[in-house]
Amino acid sequence: MEWLHYMLVESKQEFLQQSQEQLAATANPIVGSRVWVEDPDVAWIDGEVLEAKGEVIKVLCTSGKTVVVKASSIYHKDTEVPPSGVDDMTKLAYLHEPGVLDNLRSRYDINEIYTYTGNILIAVNPFIKLPHLYDSHMMAQYKGAAFGELSPHPFAVADAAYRLMINEGISQSILVSGESGAGKTESTKLLMRYLAYMGGRAAAEGRTVEQKVLESNPVLEAFGNAKTVRNNNSSRFGKFVEIQFDQRGRISGAAIRTYLLERSRVCQVSDPERNYHCFYMLCAAPPEDVKKYKLGDPRMFHYLNQSNCFELEGLDESKEYRDTRRAMDIVGISSEEQDAIFKVVAAILHLGNIEFAKGKEIDSSVPRDEKSWFHLQTAADLFMCDAKALEDSLCKRVIVTRDETITKWLDPEAAALSRDALAKIVYSRLFDWLVDKINNSIGQDPESKSLIGVLDIYGFESFKTNRFVTGTPFVV
Ligand SMILES: Nc1ncnc2c1ncn2[C@@H]1O[C@H](COP(=O)(O)OP(=O)(O)OP(=O)(O)O)[C@@H](O)[C@H]1O
């Protein structure tokens, strides 16, 4: 039950207050009552209290095991819950962790992946396609239905936000939060699809704003997504999509704001993860492009071969390259601009292959061998800059004081760090440029009356030891 995510439409106050009151429900369990106790294998297991002596409680678990636990570590079990669970967890007598997880599991077992907690929607990732849940017939059903009248669904959340915006004239936001791989990006797309359905214009009016927003996804994913331990297509950036509406509630513009791109991934990848998708797809481009950018097998490149994962099951990188190019055409990135983008991507790979050795001066460095000189020259050609200037920027540091400018040599380790810093900054500028380009193509409406924002805050990973701080966890 680890793939959960939460969507919040309005205030979280009510939920927090209620859960705090109900957490206190464990006091004084009596003999014969049903309780939850922690279990090392299944997280929580239910059982019956056999003995209660002050703080010490003896419980006969449903697994047949008898355990002795502290009164403060057990939770009452709600025996009134139907076997298929409840569709809104505020209906549970006890809103504590074992109760919530048990209810989500009961619903998941009958293929109900969505559950409310008041106006929060909780989704459990099904990891299988459920097209019947998201078709136009389903959207028609949720249109105008009161929140809670139909089964829990992202369309109901989007519908409630849309109606509040129209009826009260106030802009709304929907927060999509959860751990990596929980399904936030998929849910964000569903929310946008529904908002497009409600506020969309007729197809006869040409390519619509909502089409453009959805069409920009493959471009953003190629440059901002990567395979992680949890998710083969993990978004490594946060995204706030702002859909703007006119007086009549029709979509009039949109903007995508991105933040916190995980820059360290450009030059540091751990097994079995991968770098950003665009690097691998460029290595699998048609031979003329591979030749033009002096690329080849991804195993040749330091920024890719720190991990042993190069391919993704079921993914044809050369097709991904063609699809990304096509998506770039659609969002209005010209073929000259596309060439410039991929030159930068290739240059970063060459940059990563420059190694440094000690130079003649004390604590200085120079590219190590013929191979490093080749990659330096190629990176400079692709960046369209002078190779000597690039070498100096890696091997020297310029310090400007009030009175003078001092040039300091860097030793081989410092030069390698300076190379990685350049790769990261260039990549993140490229990403920002792409987002600007997409926004120009979608078009914002400075006159818009109100907007609905969808925040997809990317997943935090809960490892035993967190190597990188990848984002700020949200507490819902
Ligand atoms: N509603 C759904 N129906 C079917 N499959 C889903 C659904 N939601 C998620 N998935 C599956 O789970 C995978 C991971 O989902 P998604 O990329 O949306 O996660 P995420 O929370 O955005 O992760 P990250 O924070 O790492 O970007 C998807 O590629 C898809 O295969």
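Using the three backbone atoms N, Cα and C, a Cβ is placed for every residue, glycine included.
Straight from TrEMBL, the features:
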type: DOMAIN; residues: 30-79; note: domain 'Myosin N-terminal SH3-like'
type: DOMAIN; residues: 84-476; note: domain 'Myosin motor'
type: BINDING; residues: GLY178, GLU179, SER180, GLY181, ALA182, GLY183, LYS184, THR185; note: ATP binding site
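Among the binding-site residues listed (GLU179, ALA182, GLY183, LYS184), ALA182, GLY183, LYS184 have a CB atom closer than 6 Å to some atom of ligand 1, in sequence order. Residues belonging to the domain 'Myosin motor' (84-476) score a mean pLDDT of 91 in the model. Residues in the domain 'Myosin N-terminal SH3-like' (30-79) partition by DSSP class (helix H, G, I; strand E, B; coil) as 3 helix, 30 strand, 17 coil.
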